[in-house]
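> Sharing a structure, written as C-alpha cells. Questions coming.
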Amino acid sequence: RHSDPARRGELSVCDSISEWVTAANKKTAVDMSGATVTVLEKVPVSKGQLKQYFYETKCNPMGYMKEGCRGIEKRYWNSQCRTTQSYVRAFTMDSKKKVGWRFIRIDTSCVCTL
C-alpha cells in the first residue's frame, strides 16, 4: 500500500470506507438545530444547476471492528469502532418548504472509543 518502507505494515486502529454520495441517495439529513431537512439534488448556479455530492467516511462493517479496535488489549479495555459525524454546508429544504444553505451532519470518520 505504501511506497515508504518505514510505513509498510501500518494498519488503522479501525477500518473505514469512503465514498461520494449524491443528494439523490441521501434524501434527508439532520441540521444544526436537530431538525430533519430534505437534501436537494441540485444547486442553482448562474448557468443552470449542479448536482450536490458529499464525501462520506464510515466504519467498514466487513472490517476488523467486530472484535474491538485493532491494537487495543481486549483483556483490559472494552473498545469499539464508531462512525462519527461532522457538519457540512448543503442546499436543503426544511419542513416549512424554506429552501437555503444549512449545515447538515454527515458521516466523516471511523474512530476507536474505549
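Placement of Cβ uses the backbone N, Cα and C atoms for every residue, glycine included.
Among the features that Swiss-Prot reports, disulfide bond is placed at Cys14-Cys81, Cys59-Cys110, Cys69-Cys112, with the record citing similarity to another entry.
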> Around the Cβ of Cys59 (disulfide bond), how many other Cβ atoms lie within 10 Å? Please give the count over every shown protein chain.
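Its Cβ shell of radius 10 Å holds 22 other Cβ atoms.
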> Find, for the listed disulfide-bonded residues Cys14, Cys69, Cys81, Cys110, Cys112, the residue with the lowest Cβ contact count at a 10 Å cut-off, counting only other Cβ atoms.
Cys112
> Go through the disulfide-bonded residues Cys14, Cys69, Cys81 and tell me which ones have a CA within 10 A of the CA of Cys59 (disulfide bond).
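Those close enough are Cys14, Cys81.
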> With H, G and I counted as helix, E and B as strand and the rest as coil, say where DSSP puts Cys81 (disulfide bond).
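Looking at the DSSP assignment, Cys81 (disulfide bond) belongs to a strand.
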> Report, in whole Å, the straight Cα-to-Cα distance of Cys112 (disulfide bond) from Cys14 (disulfide bond).
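Cα-Cα, rounded: 6 Å.
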> Give the helix, strand or coil assignment DSSP yields for Cys69 (disulfide bond).
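Once the DSSP labels are grouped into three classes, Cys69 (disulfide bond) ends up as coil.
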